[in-house]
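Q: Sharing the features that Swiss-Prot gives for it:
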- Cys63-Cys104: disulfide bond (DISULFID)
- Phe8: N-methylphenylalanine (MOD_RES)
- 8-28: transmembrane segment (TRANSMEM)
Amino acid sequence: MKSLQKGFTLIELMIVVAIIGILAAFAIPAYNDYIARSQAAEGLTLADGLKVRISDHLESGECKGDANPASGSLGNDDKGKYALATIDGDYNKDAKTADEKNGCKVVITYGQGTAGEKISKLIVGKKLVLDQFVNGSYKYNEGETDLELKFIPNAVKN
């Protein structure tokens with residue numbers, strides 16, 4: 001009486017393991033880039049939150065306000081989970097049209113948020129510097145930013 005074999009041969013199993021290994025070799029770096037991009041996007045959210053503070057400070061003719069909390073000021077920075085956004089720059093009173101820089105900047109430093117060591121190694125310690133325009137929009141400053149271009153949110157690239 002013949003016995004029927006059921007299951008996979010060793011060669012078939014080795015081929016499946018090799019295919020999974022090849023797929024993982026491509027998927028893991030792509031996933032790491034995805035995580036870094038999503039963490040870098042938090043910086044833009046923090047910068048948007050600082051727009052109101054910058055507008056308030058501009059009424060007194062400066063980008064940065066009094067950083068003394070006792071005076072009722074909200075301060076010049078905002079801390080998120082992965083980044084710290086800080087208002088910087090000197091107000092340009094001559095800027096009038098919407099496409100001119102008003103002199104104010106937001107410096108976003110990754111790795112100084114509340115998450116501590118849980119930030120992607122691809123962006124930790126990097127800076128994204130955003131110039132603010134008269135109309136309130138931001139554009140990244142190519143000369144002062146050391147964050148890789150692929151991690152900079154598209155909203156500030158144009």
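For all residues, glycine too, the Cβ spot is worked out from N, Cα and C.
Let's see these features in context: how buried, what's close, how far.
A: Secondary structure from DSSP puts Cys63 (disulfide bond) in coil. Under a cutoff of 8 A between CB atoms, and with a sequence separation of 6+ in the same chain, the neighbours of Cys63 (disulfide bond) are Ile54, His57, Ile87, Asp88, Gly89, Asp90, Tyr91, Asn102, Gly103, Cys104, Lys105.
In the three-state DSSP scheme, Phe8 (N-methylphenylalanine) is classed as coil. Sequence-distant neighbours of Phe8 (N-methylphenylalanine) (same chain, six or more apart, CB under 8 Å from its CB) are absent.
Same-chain neighbours of the transmembrane segment (8-28): none, counting only residues six or more beyond its ends whose CB sits under 8 Å from a CB of the stretch.
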Q: Looking only at DSSP and grouping its letters into three states, which state does Cys104 (disulfide bond) belong to?
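A: The three-state answer is strand.
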